[in-house]
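Visitor: If you scroll down you'll find the structure; I have some questions about it.
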Amino acid sequence: MADGERSPLLSDLGDGGGMGAAMGPGAPSPGSALPTAPPYGGPGPASNKPQGFPEFPAAHGSVITGEDPPPYSPLTSPESGSAPMITCRVCQSLINVEGKMHQHVVKCGVCNEATPIKNAPQGKKYVRCPCNCLLICKVTSQRIACPRPYCKRIINLGPVHAGPLSPEPQPVGVRVICGHCKNNFLWTEFSDRTLARCPHCRKVSSIGMRYPRKRCFCCFLLGVLLALAAAGLVGGTWTLAYKYGGIYASWAILLLLALACIGRGIYWACMRVSHPVQSFS
């Protein structure tokens, strides 16, 4: 290969710092000063200007002054659309729900299983069987069966809590000792009729002495009044009773009422009393 092919292009021009100097045998020594080339296109010998090269046009900016940049337009896929899509809960495929938003569930075209798109109706809930069958049942249901003939699985849902768990309320009432069996029980009803049935012996007793005494007095008083009325009726209609047999019936009715009131008074007088021992507030 000739020496001229290894020499750099434009070997007769320098850059003022010694770079790009000629590498031929006629190059000056390192210690000598290098001539400086005149600027391109400036005054100088005509032989220094390259021949046959047109002049470069004036440089223009990439963006024309006073013109706004083009508007931003994101790239969109031609296959993408605005149709609402959901993911299948079984095979994770996309399901087009356009025109089906009024339904509660939609069917997947890949696995043919149902996927809910709305909440269950009031009082209902969705349950998915291990065979991927979507079931709907009551909120309070604890056991349901899969209707598919090849499954027929019984699903235990467990207890259902209608609301958030809250601690049990503290008992409010009166702790009393039964007048019959002497066992303690809690009584929560407070009224003028303070009669309590013991949960142990199932017998009725009174909470305190006030209520049975009041009832006993009223029954005895009413019984005495009825007895006096019966006695007066007997004395006043004694002579007429021989002619009118219905008078005997009136005597009997008054006497029975008097005996019933007196008997009820005796019942209240013999009523067992349960005494309160502790109260909760």
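For all residues, glycine too, the Cβ spot is worked out from N, Cα and C.
Note that the coordinates shown come from a computational prediction; the quantities given were computed from them, not determined experimentally.
What Swiss-Prot shows for this protein is this:
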- 1-80: region 'Disordered' (REGION)
- 14-23: compositional bias 'Gly residues' (COMPBIAS)
- 24-35: compositional bias 'Low complexity' (COMPBIAS)
- Cys137: active site (ACT_SITE)
- 137-143: motif 'CX5R motif' (MOTIF)
- 216-236: transmembrane segment (TRANSMEM)
- 251-271: transmembrane segment (TRANSMEM)
Visitor: Give the helix, strand or coil assignment DSSP yields for Cys137 (active site).
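Guide: DSSP assigns Cys137 (active site) to strand.
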Visitor: Looking only at the motif 'CX5R motif' (137-143), what is the model's average confidence as pLDDT?
Guide: 88
Visitor: Given a separation of at least six residues and a C-beta threshold under 8 Å, show me what packs close to Cys137 (active site) in the same chain.
Guide: Lys124, Lys125, Val127, Ile144, Leu157
